[in-house]
Structure formats: C-alpha cells, structure tokens
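Listed in Swiss-Prot for this protein:
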- ASP34, ALA35, GLU36, TYR37, ASP38, SER84, LEU85, GLU116, ARG139, GLU174, LYS294, LYS318: NAD(+) binding site (BINDING)
- LYS118: active site, N6-AMP-lysine intermediate (ACT_SITE)
- CYS412, CYS415, CYS428, CYS433: Zn(2+) binding site (BINDING)
- 589-676: domain 'BRCT' (DOMAIN)
Amino acid sequence: MTLEEARKRVNELRDLIRYHNYRYYVLADPEISDAEYDRLLRELKELEERFPELKSPDSPTEQVGARPLEATFRPVRHPTRMYSLDNAFNFDELKAFEERIERALGREGPFAYTVEHKVDGLSVNLYYEDGVLVYGATRGDGEVGEEVTQNLLTIPTIPRRLKGVPERLEVRGEVYMPVEAFLRLNEELEERGERIFKNPRNAAAGSLRQKDPRITAKRGLRATFYALGLGLEEVEREGVATQFALLHWLKEKGFPVEHGYARAVGAEGVEAVYQDWLKKRRALPFEADGVVVKLDELALWRELGYTARAPRFAIAYKFPAEEKETRLLDVVFQVGRTGRVTPVGILEPVFLEGSEVSRVTLHNESYIEELDIRIGDWVLVHKAGGVIPEVLRVLKERRTGEERPIRWPETCPECGHRLLKEGKVHRCPNPLCPAKRFEAIRHFASRKAMDIQGLGEKLIERLLEKGLVKDVADLYRLRKEDLVGLERMGEKSAQNLLRQIEESKRRGLERLLYALGLPGVGEVLARNLAARFGNMDRLLEASLEELLEVEEVGELTARAILETLKDPAFRDLVRRLKEAGVEMEAKEKGGEALKGLTFVITGELSRPREEVKALLRRLGAKVTDSVSRKTSYLVVGENPGSKLEKARALGVPTLTEEELYRLLEARTGKKAEELV
C-alpha cells in the first residue's frame, strides 16, 4: 500500500468511526456490532502505526467516545478525565500487553493483576463533595458528559451520602440492564408494536437518557462500580494499595461491586481466569463482552500513566464475537395468545453459541422497516441477551437484486379472519381462533404459571381438536373418561394429569394473574398486583389511578389491564374458574420469618422450583437467579449447576432441600407441608 492509498483509507476509517461513535455514545443506537467496530478501529490503528506521518491528535484512536453534540441533558466537565481501554483479542495480544509493562517499568514479570468482568453497559461518573452526591454523569467523550443525576438515583443501590471519604471524590462504574429485565422490556415494547432495543447495553443507555425518571425507574437498571478518579491518592494514603483492595473499599462504602472479580499472576494466570469465565459467560445475569485486566498495584499506575486514549496499566480482553452470517430463506407468520401476529424468519441453519439456529423472530412491522430486511437477504445473527436468536443487521452490500420485500398477510394465517391493524401491530380479532386458544392454554399450563405437568403441546392440540376444551376454564371440567383413549393417554396418565390440574387450583393469585396473560403482566408485575389488591374481586374493581400506584405499572400498561378487566368475556372466564375452585386470593404472607435473607436455588427439587420460590418470598425472603456475596443460602437439589461451584468459591452457605425445610420449621414453627 502506498502512502497516498493509506492516507485515503485512514481518512475513510476516521470518518466512519466518528459516525459510529456518534451513533453509539450520543444516540445509543449503533448500526454495527461491537466486533465490527473493533475491526475498524484496529485497521485504523495498524495503518497509523505503519505510516506514523498519518497520525493525528484528533484521530479516533486518540480519543474516547463522542461529545454529546446535541445533548438533551446538561453537559458537565469531569474533574478528571475518563479514559477508554485498549483491547486484546487473543492470548498473544495479552502477552504483548504484559511485555509492554515490563519494558516500561524496566523489570521482568510476572505481575499481579485484578481481573473483572467487562460489564456491557454505560460508563458513569458520580461526583461527591463532603460525602454528598452532587451529580452523576455519563462518560461522553471522556472530558465532557451529560448529567443524569435524577435518573441514576432511580437505581436504589447508588449511595447519596458517604462517610469517611475524601472531601472531593469521583466514583466510576457501569450502569447496565440485567438480561432478564432486557428480555421483559423488549417483550412489552414488541407487544405494543414499538421499536425494540438491540441489546441490553442499548436498553440501559436509552433508559438512562429518559426525560422522565419515572420511566427509568421502571426499567430495572443496575449499577456496578470499580474505579476512582478524584480522591484516589487520598484513599491510597489510607492504606488501599491495590485494585483488589479498592474494590473491597468501594463495597465497604456502600457501592454495588460486581462479585466476580479475581486475582491472577502473569498473563498465564489471567488466561486461566478468562477461559473459565468464558465458559460460564451465559450463566451471568448481565451481558459481559470480555474481562478487564488491571495491574493490581496502584503505585505502578502512576509510573505507567496513560496514552491519549487509554491507561497503559489496564486492557480489555474481549470474548470472541458470537455472530454468524446466514441467509433469510422465508418468513412465516405466527399467532400468539393475544392474537398478535408475529413474523418469524426461516434461516439457513447456522451453529451459534452451542445450538443450531434456523428460525429468528422479526418482532413486528417497525422492526422490519427499520432493518429494511427482505427475503433472500444475507444477515448477521446473534443471540440477544445470550438467549434469543436475533438479526443484528442486514448485509446490504451482498444484495443481488433478487431479494423480495416481506408482505404482511391480510387474513389470519390460522383461522382466515381478516386482521386488524393497531399502529404497527397486526392482530386477529377472532375469539375462536385456534392459534389464540392453543397459545392461551399452553401459557396457562406453563411452569411459571399454573404448572400443570403433563399438559404438553401435543395433548393441548388433541383436546382442542376433539372439542374437549375451548379455553383454560374447561381444563377444570375434564374427566378421566374424556382423556382415556386419546393418543398415548392411558388410565394412569389420565389420573396423573387430573391430579396435576387439581393441584394447580392452589397456586394462588400471583401465579393465576401471570397465567391469564393480562397485557404487559409478567412474573414481577403479577406479584405486585397480587400484593396490592390481595384478591381477584378487588382487582376486578380497580380504577386506573389504583393500577398506576402499583410498582412497575406505567400508564399504557394500566390502561390495557383495565380494558381487559372490564371485558365481559374475561369476567366470564374468571367466574368459571372460580366456580371450578381455582383459588383467587393472594397467598398468605407468612410474616417476616425469612426477612433479610437472600436465597438462590440450583438443581432439581422434589417440589416444583417455582412453588419453593413462592414459599420463600411469602416468608419475606428475596429469591434471585445468581450467586453473589450477598446470597445468604444456596439451596442445592439433584444435579446442581455451576452455581454450586461459585457458592463454594465465595464462601456462601449451602442447604439441601431437607435442610431448607428444617430451617423453615425452626423459623415458623410449621412443617413445609403446612406452609405450601
């Protein structure tokens, strides 16, 4: 490559990277994946190293992020600069990082490092004076960010006041959206036909930039902190000499600190931690796109200093990009339990994150228009939140002209009824649509709803075909003679199913509300509604104002719930369920026997896991999905997963199922059978 060719390519890359910086940092709406962005930055960096005369202080390789050009929040200048991190993509590059440290310090390693998960969120800076939070701001370009104090304060774990800290203090961290909250939010947005978020990082950024803090508060944001700006030297003088100790100091001061950090010696030690965490990546409750490796000894940080863009004492060791190219072969349309029609893309099968992917949701009309996706397109796919296959972007440069636009059906693909269009959402209004009935019963019987074991998809189809059930209330009218004789259904199987159906009557209001599929009502909201109203009769008479008082309920959701509660067909369904003996009262709270305790469950229990979780919550405990230092007990069933290993590493006490029930008996004076 000649100098002129290099100059032309460097200018192209700089313009392209600046554009994508603006999309990512300012609009929180990136058009390319992190892996593609890293490739562009890497190409630019290599060209600048090969042709030093092309280096420039305004190059993206010398800068962090993008200045908030059209900020909707007040710009604030950080007292000390917030840097980005350089990246390593393989062990050789990690080793090269250690060798640079050795040369700069004039001595051989190995050195001690602190290794932390690189939480994929939005970097923030909290500024305190005399222990009082003055403001919180986004990173922006590293020198100027946007003040987002009110929105940050909707995260309950962020301290407003501190004791025993330097007079002026900056605390740095990451605001993120847990995967579970991200999936729930996208489900709600999709249901309303609104634009969904591409990943948890975008969802966190978009939520933190809301003008109304009440919206931010309902998004389930979390924060983790890991560094100091102003005030670090004073803290060092107090005896905090390492990054590992600094993380402990932050925890002692009340800041949430991501629990999975570790010490390692030398590049080989870091590699061992990296490989271990890479395997466990999808067990994390948040998205992590790598690990952050920092020299542990803080005194060495000052010796090494910074480049224009990043510290020399730290590096981001990125996980491999889990994205694949494939073709969209066709689009089919599915009808859900609410009648909403969802397009599903049929892909040339690809292997992604341990499983074959051949279908991908295309969500709604807004999503298809935004992507400009067509049948025959080459697409880049990944798993959103590490769970759901999703199209990341369309590879338009590979179009041949033979691609076809996606046409929405005018009639229901299941029953032929003419579809209604509500904004960008297409719905089948036919109450007798077989697809709506099937999905409603399948959801009602699912594990987190009424948990009717043995009522699988094939059996639901047969019950509908034979006219034995038309809706969920009909399940409670089934008799043994109705079931015996159905394909693969003998007398014993029929008895077992009827026993499961009978037991489901006692699940309580919380599970019933989730099972009935009220609009926008997931597990958390069902729990909140049950706690607020106590029984179905009171909920049926709720006003809009009363619904808006419920935690996690916004105005759109409240109006949709109210419309359903007033619907005569819904009220008739509730009446028939009540006549069948389905309990419609919230489960008795059970006092505060376990208040202040946090439980996590792993492995198979003798009782349904959701039943045990509900019992623990009724007794005042908190039940989470991941083990941390805040976990009081890990309940261990048969065939436990990686949570057991993590609990042992953190020193978290474990209980067998039998030991758990003994603990409950000691705390409540009742046996487990009496409590369930």
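The first residue you see is number 1, and the count goes up from there.
Cβ coordinates are placed from backbone N, Cα and C, and glycine is handled just like the others.
Source: prediction; values computed, not measured.
Everything Swiss-Prot records as a feature, shown here on the structure.
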residue: ASP34; record: NAD(+) binding site; DSSP (3 states): helix
residue: LEU85; record: NAD(+) binding site; DSSP (3 states): coil
residue: LYS118; record: active site, N6-AMP-lysine intermediate; DSSP (3 states): strand
residue: ARG139; record: NAD(+) binding site; DSSP (3 states): coil
residue: LYS294; record: NAD(+) binding site; DSSP (3 states): strand
residue: CYS412; record: Zn(2+) binding site; DSSP (3 states): coil
residue: CYS428; record: Zn(2+) binding site; DSSP (3 states): coil
residue: CYS433; record: Zn(2+) binding site; DSSP (3 states): coil
_LYS294 (NAD(+) binding site) versus recorded positions LYS118, CYS412, CYS415, CYS428, CYS433 - nearest by Cα_ = LYS118
*Between CYS433 (Zn(2+) binding site) and LEU85 (NAD(+) binding site), the C-alpha gap once rounded to whole angstrom*: 54
*Within 10 Å of the Cβ of LYS294 (NAD(+) binding site), how many other Cβ atoms can you find? Include all protein chains, please.*
23
*Kindly report the helix/strand/coil residue split of the domain 'BRCT' (589-676) according to DSSP, in that order.*
35 helix, 16 strand, 37 coil
*Please name which of the binding-site residues listed here, ASP34, ARG139, CYS412, is nearest in space to the residue listed as 'active site, N6-AMP-lysine intermediate', Cα against Cα.*
ASP34
_Rounded distance in angstrom between the Cα atoms of ASP34 (NAD(+) binding site) and CYS415 (Zn(2+) binding site)_ = 43
*Around LYS118 (active site, N6-AMP-lysine intermediate), how many other C-beta atoms are within 10 angstroms of its C-beta?*
22
*For CYS415 (Zn(2+) binding site), identify the closest of the binding-site residues GLU36, ASP38, LEU85, ARG139, judging by Cα separation.*
GLU36
*Given the binding-site residues GLU36, ASP38, ARG139, which one's Cα is the least distant from that of CYS428 (Zn(2+) binding site)?*
GLU36
*Hey, what's the widest CA-to-CA gap across ASP34, ALA35, GLU36, TYR37, ASP38, SER84, LEU85, GLU116, ARG139, GLU174, LYS294, LYS318, the NAD(+) contacts in the record, in Å?*
25
*Within 10 Å of each Cβ, count the other Cβ atoms and name the one among the binding-site residues LEU85, CYS415 with the highest count.*
LEU85
*Round to a whole number and give the Cα-to-Cα distance in Å for the pair ASP38 (NAD(+) binding site) and CYS412 (Zn(2+) binding site).*
44
*Tell me, if you would, which residue among CYS412, CYS428, CYS433 (binding-site residues) has the fewest other CB atoms within 10 Å in the structure shown?*
CYS433
*Between ARG139 (NAD(+) binding site) and CYS412 (Zn(2+) binding site), what C-alpha distance do you get in Å?*
48
*Rounded to a whole number, how many Å is the Cα of LEU85 (NAD(+) binding site) away from the Cα of CYS412 (Zn(2+) binding site)?*
51
*In the same chain, which residues outside the set CYS412, CYS415, CYS428, CYS433 have their CB within 8 A of the centroid of the CB atoms that define the Zn(2+) site?*
VAL335, GLY339, PRO413, GLU414, GLY416, HIS417, LEU419, PRO429, ASN430, PRO434, ALA435, LYS436
*asked:* What's the number of neighbouring CB atoms sitting within 10 A of the CB on GLU36 (NAD(+) binding site)?
replied: 17
